[in-house]
Amino acid sequence: MATLSNHNQLDLSNGSHPEEYKIAALVFYSCIFLIGLFVNVTALWVFSCTTKKRTTVTIYMMNVALLDLVFILSLPFRMFYYAKGEWPFGEYFCHILGALVVFYPSLALWLLAFISADRYMAIVQPKYAKELKNTGKAVLACGGVWVMTLTTTVPLLLLYEDPDKASSPATCLKISDITHLKAVNVLNFTRLIFFFLIPLFIMIGCYVVIIHSLLRGQTSKLKPKVKEKSIRIIMTLLLQVLVCFVPFHICFAVLMLQGQENSYSPWGAFTTFLMNLSTCLDVVLYYIVSKQFQARVISVMLYRNYLRSVRRKSVRSGSLRSLSNMNSEML
């Protein structure tokens, strides 16, 4: 026990991950990869190929699914690293995946803010309902926020301070530890303002006005289905932001202000897990927004039930055949 404790302390002092974290990360990321890949591939296919009447919220959902897929496709490299304990994919690719940890929540929050503003227009400003069908503006908004986020993330590829330099065997601590980003704290806190606080305040502002309008009965002209759908979207977005993104960014700010050297942070690891969970929780949004996605999920579930029933029947028929054969042999 003493040897294990000393080994873990040595790992933490060197900035590497304890074995418990690696095992938990392997299990967690495996589940996220399998569920998230199926959910977001299905969503992207539904929104881009089977949805005939596209609206602004459809465009936003396509971008959410695409962003989730980009992030999810990086998970197998993480899992390989945690399983093998070394990084064979090169230093530059490690930088890219490390930057992706910051890129994903930054862009995701803006996309969720766009969806919140879209629901604000649908409930509080129904006279501008035609704007909700103007997909051109939605495409420009999404393209602009993609470019803006990429531009502010590129400097992370050029960091001088690198926790993985001169490591043997090669490591890639950047994909889970964000403490090495202290070297660019000015950029970090600028990013916190523009990619966390501003979209968060936009969402809160939209929700406050929407709730105020609902309580004062200013939305009586809206169809009940539109109200119900919008409220479900709002509640889902609020829960997702509070669970997945707020803890991550609070931890990010705290770690950037701490004066200690780079080391493994259990709180940082946990909030990073929560942030990754967002790629799967988006399924609730997809299910609420799109009837086609609902139908697709239901068809998959029915098909699985059908396969199970076929297997049960085949097992039963096989057991009956074997029983009849035994009886014939006895006779």
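Glycine is treated like the rest: Cβ placed from N, Cα and C.
Note that the coordinates shown come from a computational prediction; the quantities given were computed from them, not determined experimentally.
Here is what Swiss-Prot says about this protein:
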DISULFID  Cys94-Cys172  disulfide bond
CARBOHYD  Asn14  N-linked glycosylation site
CARBOHYD  Asn188  N-linked glycosylation site
MOD_RES   Ser322  phosphoserine
TOPO_DOM  1-26  topological domain 'Extracellular'
TOPO_DOM  48-56  topological domain 'Cytoplasmic'
TOPO_DOM  78-95  topological domain 'Extracellular'
TOPO_DOM  117-138  topological domain 'Cytoplasmic'
TOPO_DOM  160-191  topological domain 'Extracellular'
TOPO_DOM  213-236  topological domain 'Cytoplasmic'
TOPO_DOM  258-268  topological domain 'Extracellular'
TOPO_DOM  290-331  topological domain 'Cytoplasmic'
TRANSMEM  27-47  transmembrane segment
TRANSMEM  57-77  transmembrane segment
TRANSMEM  96-116  transmembrane segment
TRANSMEM  139-159  transmembrane segment
TRANSMEM  192-212  transmembrane segment
TRANSMEM  237-257  transmembrane segment
TRANSMEM  269-289  transmembrane segment
Cα of Asn188 (N-linked glycosylation site) to Cα of Cys94 (disulfide bond), in Å and rounded, measures 19
For the transmembrane segment (237-257), give me same-chain residues lying six or more residues beyond its boundaries with a C-beta closer than 8 angstroms to one of its C-beta atoms, as numbers and ranges.
105, 108-109, 112, 115-116, 178-179, 181-182, 185, 188-189, 192, 196, 200, 203, 207, 265, 267-268, 270-272, 274-275, 277-278, 281-282, 284-285
As a quick check of your reading of DSSP, tell me how many residues in the topological domain 'Extracellular' (78-95) are helical, how many are strand and how many are coil.
12 helix, 0 strand, 6 coil
Are the transmembrane segment (139-159) and the transmembrane segment (57-77) close enough to be called in contact, which here means at least 3 C-beta pairs under 8 A that are separated by 6 or more residues?
yes
Reduced DSSP assignment, Cys172 (disulfide bond)
coil
Go through the chain and flag residues at least 6 beyond the ends of the transmembrane segment (57-77) whose CB is under 8 A from any CB in it; none is fine as an answer.
29, 32-33, 36-37, 39-41, 43-44, 47-48, 51, 89, 93, 97, 100, 104, 107-108, 111-112, 114-115, 118-119, 132, 135, 138-139, 142, 146, 175, 276, 278-279, 282, 285-286, 289-290
Under an 8 Å Cβ to Cβ limit, what residues of the same chain, 6 or more beyond the ends of the topological domain 'Cytoplasmic' (48-56), are close to it?
62, 114, 118, 131-135, 137-138, 290, 292
Taking the disulfide-bonded residues one at a time (Cys94, Cys172), which has its Cβ surrounded by the most other Cβ atoms within 10 Å?
Cys172
What does DSSP give as the helix, strand and coil breakdown of the topological domain 'Cytoplasmic' (48-56)?
4 helix, 0 strand, 5 coil
